[in-house]
Amino acid sequence: MEINGSPRKLGLEGDVDLQFLLRGGDLLKVKSGSWKKTRFLQLKEDCKTVWQQSSKRFKSHQIFSLEDVNSVRHGRQTDGLKKYTEPSMEDRCFSVIFIGRRKNLDLIASSKDEAKQWVRGLEKVISSMRNLNRQQNSEHWIYTCMRKADKNGDNKMTLKEVKNFMRQINLEVDDSYAEMLFTKCDTSKSGTLEDSEIKHFYELLTYREEVDVIFKKYGHYKEQMSSDDLLNFLQHEQREPVGLEYAHKIIEKYEVDETAKQMKQMTKDGFLMYFSHEEGSIFNSAHKDVYQDMRQPFNHYFISSSHNTYLMEDQLKGPSSTEAYIKALLKGCRCVELDCWDGANGEPVIYHGHTLTSKVLFKDVIKAIKEYAFKTSKYPVILSLENHCSVEQQKTMAHHLTSILGSALLTQPLGNYMPTTFPGPEELKGRFLIKGKRLNKLAASFNNNSTEDVDSVSEEDESAEPKENEEKPKDQKSKKIKLAKELSDLVIYCKSVHFSSFDHSKENQAFYEMASFKESKAVNFAENSATAYIHHNMDKLSRIYPAGSRTDSSNYNPVPLWNAGCQIVALNFQTPCREMDLNQGCFLPNGKCGYKLKPEFLRDPASQFNPVNLSVGPWLQKKYLHVMVISAQQLPKLNKDKQSSIVDPLVKVEVWGIQADNAMQQTNHIDNNGFNPMWNSKFKFLVYVPELALVRFLVKDYDASSHNDFVGQYTIPFTSMQMGYRHVPLLTKRGDLIPSAGLFVHIMILDAV
């Protein structure tokens, strides 16, 4: 077993583009109009780390990991390249976009072909890394750590290097254990481990006792498990209604030993491989793609929604960027906000008005939205306009919307008659809907009733709302703004109106007229008028937005608002937090398409469901959730700069749903073991309304003297969990997969009588 072998592991051995990256080359790095400097970029032998060096001073270098790269984009597709390079350089430009808040790396190649090869090569390696299964990711990660520990690069490991390696993989062991392990593997007595000795060391280190116990139980302590044994495991432990043909399929797919595969048997290695793939995951793979009915009225779905989408950071002085829209859309967000103000040279801009946040051109944002809206999901995108522009610049906005979005922009109701309800997301696939003020009723679109080219409407938006704990004077009239007909006519199914009361809305407002609620008002309705709010949301759309006092771009808990049937619960997507974890978990199933069908009791007019005062009804499906947190594998080091810093992990299991279902239990912490900690801790939860419940697994690093640091988390709808022994992937604070890390759990769901 060689320590170096990454090209082969990625399936790219001998690949021309990979060889190009490994040789490296000079590129022009762009930071500003005056800062353009030559840098030598090179992919290192681990096929994961990129070195960035000054061509003149090779001693000085920076590195980044391809695991931290979100995407590579060819052309002038970032704010920086658009601003600091000429259009004639389009084909020579490309950008490396990082996960999180790290600044983009904008580069110019010496030719169009060279730029294409850099982009093609990097995309190829990144794609190969992402397509590794969990077992392969685990091996890739361990080899990377071995390579770092092998200081002289001789493909051998001394005892000192073995100790260093163990710290690299987040495992603190005493010297006597390390020496015992080393001596056991050093069969040649050479004082170093090499070839088969390193393989033996790897096998001892990655031995999964908990999986071995399961294999022995169902394989009747034989070396191999028969297909009947595997079927017994799948039916009785994993609770899957499958037959022998499915067991054969699992063996064919995951068994690594060809002889065993031909005999329709499974070895321990094949069994472990099964747990590393989607069939062994806690997430029900039947929910991986779009599986819900997408032809229900549009307002019968929860819709993944962003607040002040243009902001990269806080609400007062942070940057505004097209990049923020791109990131939100690629995460499946289907409702983005555009805060529009008059800009220079007749061009409207987007920024957080009356603050020091930077400005971005309205037309650049629309171009970015057009480019990225339907890459993650084909279902409709709502552009929520907060309009502060003069009439002339409103006309410019309308022009940009129609000319850039073209036929994808919905400018008329579907069909040849005046609708009485919303179309479904399926009918609106690939379309853009404008949410904003409208001068007249929607029926005017059919009757050709002309309106004035300009008229005044009340300004109903966040900026018009009083701050928290402030009351709006009763005699204060709503501020009026002039609205251009060209912009007004683009508002079809999402007309913004003022909310007075549920009765007023029911009696006086059409289905397409919708209100926005600040979080405190929405939470008050969800707690004190839940049934009325739910019925309001059966007929109309509701948008919820964070309090103005959240200048740090923090978020509120979206779950109580979903429980009240609110569809557009807008969050600050740029802020990593528990609330965004819940949002990502909520929209995990149904193909991550950004639309999730509400339970029937939130859609049925006869329903009397109240999430606060629970009564008997079809929503009440009491279940006992039994969770055993067994072990974790390869948790990331939090302090990578300090070699002796090892994680002391604990696991919290949380249930988020209606008030009666909210609960949390946790394991004890385990000292100095982030590599393979074992708990075997059992928890039991009573869940009254499973259809609204989310389950969150949170791993923290215990610290007796300060707050426990975040290690990783995974949030999943209760109804998307699979039973039995399951692997739980872990995500970073920003919701990205930690490739080699995970939890191993046992799940049992029983009816509560």
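Note that Cβ sites are derived from N, Cα and C of the backbone, with glycine treated the same way.
Look at TrEMBL and you will find 20-127 tagged as domain 'PH'. The substrate binding site annotation in TrEMBL covers 29-56, LYS435, LYS437, SER516, ARG543. Feature annotation from TrEMBL assigns domain 'EF-hand' to 137-172. Marked as active site by TrEMBL: HIS307, HIS352. If you look up TrEMBL, you'll see ASN308, GLU337, ASP339, GLU386 marked as Ca(2+) 3 binding site. Residues annotated as region 'Disordered' in TrEMBL: 450-479. Annotated compositional bias 'Acidic residues' per TrEMBL: 452-463, in sequence order. Among the features that TrEMBL reports, compositional bias 'Basic and acidic residues' is placed at 464-479. Residues annotated as domain 'PI-PLC Y-box' in TrEMBL: 487-603. Residues annotated as domain 'C2' in TrEMBL: 603-732. According to TrEMBL, the Ca(2+) 4 binding site annotation covers ILE646, ASP648, ASN672. Here TrEMBL flags ASP701, TYR702, ASP703 as Ca(2+) 5 binding site.
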Statement: Whole-number Å distance separating the Cα atoms of ASP703 (Ca(2+) 5 binding site) and LYS29 (substrate binding site) is 41
Statement: For the domain 'EF-hand' (137-172), the distant same-chain contacts (Cβ-Cβ under 8 Å, at least six residues beyond its ends) come to 2-6, 9, 45-46, 48, 129, 178-179, 181-182, 191-194, 198, 201-202, 205-206, 276, 633-637, 643-644, 646-647, 671-676, 739-740
Query: Which of the recorded positions listed here (GLU45, GLN53, HIS352, ASP648) have a Cα atom within 10 Å of the Cα of ASN308 (Ca(2+) 3 binding site)?
result: HIS352
Message: With every protein chain in view, what's the tally of Cβ atoms within 10 Å of the Cβ of ASP703 (Ca(2+) 5 binding site), excluding that atom itself?
response: 11
Distance [Cα-Cα, Å, rounded] between TYR702 (Ca(2+) 5 binding site) and LEU41 (substrate binding site): 39
- prompt: If you skip the near sequence neighbours and keep only those at least six away, which residues in the chain come within under 8 angstroms of ASN672 (Ca(2+) 4 binding site), Cβ to Cβ?
  reply: LEU171, GLU172, ILE646, VAL647, ASP648
Task: Have a look at the recorded positions HIS307, GLU337, ASP339, HIS352, GLU386 and say which one has the shortest Cα distance to GLY33 (substrate binding site).
output: HIS352
Field: LYS29, LEU41, GLU45, HIS307, LYS435 screened against GLU337 (Ca(2+) 3 binding site), Cα within 10 Å - retained recorded positions
entry: HIS307, LYS435
- prompt: Which site among GLU386, ASP648 has the most other CB atoms no more than 10 Å from its CB, taking these as binding-site residues?
  reply: GLU386
Query: How many whole Å apart are the CA atoms of THR49 (substrate binding site) and GLU386 (Ca(2+) 3 binding site)?
result: 43
- request: In whole Å, note down how far the CA of HIS352 (active site) lies from the CA of LEU41 (substrate binding site).
  value: 38
- prompt: Who sits close to LYS29 (substrate binding site): which same-chain residues at least 6 apart have their Cβ under 8 Å from its Cβ?
  reply: LYS36, LYS37, THR38, ARG39, GLN52, LEU105, ASP106, LEU107
- line: recorded positions near GLU386 (Ca(2+) 3 binding site): from GLU45, GLN53, HIS307, ASP701, Cα within 10 Å gives none
By Cα-Cα distance, the member of recorded positions HIS307, ASP339, HIS352, ASP701 nearest GLN53 (substrate binding site): ASP701
